[in-house]
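The signal peptide feature in TrEMBL is assigned to 1-33. Under the heading Zn(2+) binding site, TrEMBL lists D82, D363, H367, D404, H405, H490. What TrEMBL lists as Mg(2+) binding site is D82, H190, T192, E358. Residues annotated as active site, phosphoserine intermediate in TrEMBL: S132.
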Amino acid sequence: MASCLRFASAQCVLLLLSGLLFVLICDIDRAQGASVYKSPNLDDARFWRRNAETYLKKVLMYDENRRMIPSVAKNIIIFVGDGMGIASLSTGRIFKGQQAGRSGEEEQLSFDNFPNTGMSKTYNTDRQVPDSAGTATAMFSGVKTKYGVLGVDYTITETNLEAAKLPSFMDWAQEEGKRTGIVTTTRVTHATPAACYAHSINRNYECGAKIPVHLKNRIKDIARQMMEDAPGKNLNVVLGGGRNHFGASMPNHLKPEYQFQGAMEKTCMRTDGRNLVEEWKLRWNGTNAAYAWKTSDLRAVELDKVDHLLGLFNDDHLSYDTVRDRTPDGEPSLSEMTEAAIKVLQRPDSAGFALMVEGGRIDHAHHQNHAHLALAEVVELDKAVETALKLVDLDETLIIVTADHSHAMTFNGYPDRGNDILGFGNRPNATPYETITYANGPGFLQHRWNSSLLSEESTDWATWIKLNQLNRSEVTYKHLSAFPLPDETHGGEDVAVFASGPGANLVRGTFEQNYIAYVMSYAGCMGPAKRFNLACDDDFPRTAAKASGAQRAVSSIVLVIASLHAMVSLVGRM
């Protein structure tokens with residue numbers, strides 16, 4: 001008995017010492033700013049590719065009988081609403097309806113009717129709440145990565161860029177002979193479009209002026225990568241903003257009435273004296289190529305004949321749609337650019353196309369708590385999707401609509417049905433608050449009240465009566481935030497994924513964001529998941545298309561048997 005007690009006492013001492021050691025280690029970690037939690041995964045490219053492949057296999061097994069014939073998406077269009085989280089979708093839908101004079105709640109976005117939806121987990125390998133560079137890399141390459149890096153895996157350092165590079169779905173598409181393009185309302189070198197073609201340790205290296213001196217001779221800025229390296233230099237269509245980054249500034253072109261603030265409005269100028277646009281023109285000289293810098297230029301292009309189209313419509317990002325110059329000398333809308341891109345890419349004798357369209361200014365408006373501007377950008381993205389649906393054949397085109405991440409915006413209160421979505425959410429005679437509010441951002445200061453309105457020292461909040469004096473209808477109005485920050489932050493919750501067309505059935509459940517690239521790979525018969533799609537066999541789609549009557553029935557039986565056999569093989573490898 002005594003020995004047992006001694007043993008028990010020894011155990012207690014060991015447990016106590018272990019506990020103290022754990023607390024000490026945690027305190028040291030916290031003191032050093034280190035995260036206590038470490039990922040249980042390697043988080044390298046191999047891990048994330050296996051992860052996406054495993055989920056793909058599970059989805060392929062959902063339909064045990066799999067009576068449907070495997071299909072191929074000749075064309076792929078992915079629409080990315082940057083920062084378009086669930087709250088942005090819901091409020092954007094209502095805003096769309098109310099702009100048309102309806103109540104709004106019953107309104108539908110063009111992609112609400114897509115047959116398949118899923119939820120995407122957006123975290124980066126090192127952040128719970130992600131940024132656009134890491135999330136776009138995941139969506140376009142099939143590999144999750146770190147915050148702030150582009151087209152590289154999490155092992156990226158200043159010395160191993162080549163080893164960390166990841167091919168994107170644009171690489172895969174070009175390898176299969178598909179035509180490719182990007183359309184965005186941001187600079188074309190900004191995080192989301194750049195993830196289609198660039199590889200960088202820092203998303204901010206959009207032009208050489210941003211690259212530190214010790215790296216200038218070792219890495220290219222993002223604008224140069226687009227113009228000099230594959231797949232960027234082979235893109236058939238590039239439409240957006242960012243002339244500054246290409247050394248092609250036209251400062252007198254647009255003089256916006258409103259000057260917007262925030263980190264997203266900061267641009268950079270080339271310091272190497274190069275004009276990359278002029279170099280692009282020389283490279284394609286004598287071929288069917290066109291450059292556009294204003295709306296009238298774009299409208300003058302023979303879209304069904306041109307093979308390469310570059311359009312840069314602003315020195316920086318394109319203007320918010322609400323304040324966009326709609327004259328021929330101004331900037332085209334996202335929907336107009338989308339139409340132009342599809343008409344250039346769509347050729348009857350081609351192997352198809354891959355297109356990325358980004359509504360990038362949704363994100364920028366949220367960062368400055370401009371809820372009204374953000375919702376108008378959601379509606380414009382909706383128009384762009386509507387435009388695409390009218391131009392393509394959904395029997396051969398996969399369309400995906402999603403977001404890269406959410407924002408710290410809330411849709412709250414108990415407003416009556418039909419209440420102005422940009423109005424107040426409280427019940428009558430209660431303390432006023434807006435239906436749309438933010439967890440953080442610059443809107444905090446705009447709602448402080450003194451003679452300057454923006455004084456950080458002010459201690460008086462705007463009251464219900466004084467709210468009218470805040471000019472809530474002004475374009476520069478910022479919705480209230482709970483905590484003051486120069487820029488509002490992203491949100492970390494899952495985002496929605498909508499899909500229609502061949503391969504849309506693969507979008508279901510809740511999955512890691514990098515799986516989206518595998519959906520495009522499988523459906524488009526390109527890249528790493530091509531081998532899983534039986535319909536990617538050269539003879540298969542032609543046979544299925546030409547067969548009729550009994551032949552088609554026999555083909556279906558053969559295909560079902562082949563599919564079942566493939567699934568059994570997949571199960572064996574899982």
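From the backbone N, Cα and C atoms, a Cβ is placed for every residue, glycine too.
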Taking the recorded Zn(2+) site as D82, D363, H367, D404, H405, H490, identify the other residues of that chain whose CB atom sits within 8 Å of the mean position of the site's CB atoms, giving them in sequence order.
G83, D131, S132, I362, H366, A403, S406, H407
Within 10 Å of its Cβ, which one of these binding-site residues (H190, H367, H405, H490) has the largest number of other Cβ atoms?
H190
Looking at the binding-site residues T192, D363, H367, which has the shortest Cα distance to the residue listed as 'active site, phosphoserine intermediate'?
T192
Please list residues from the chain of E358 (Mg(2+) binding site) whose Cβ is under 8 angstroms from its Cβ, counting only those at least six apart in sequence.
F79, V80, G81, D82, I182, V183, T184, T185, T186, T192, P193
Do any residues at least six apart in sequence from D363 (Zn(2+) binding site), in the same chain, have a Cβ closer than 8 Å to its Cβ, and if so which, in order?
D82, G83, S132, M264, H407
Around the Cβ of D82 (Zn(2+) binding site), other Cβ atoms within 10 Å, all chains included, total 28
Return only the integer: C-alpha distance in Å from H190 (Mg(2+) binding site) to H490 (Zn(2+) binding site).
16
Around the Cβ of D404 (Zn(2+) binding site), other Cβ atoms found within 10 Å total 31
Students should find that the Cβ of T192 (Mg(2+) binding site) has, within 10 Å, a number of other Cβ atoms equal to 27
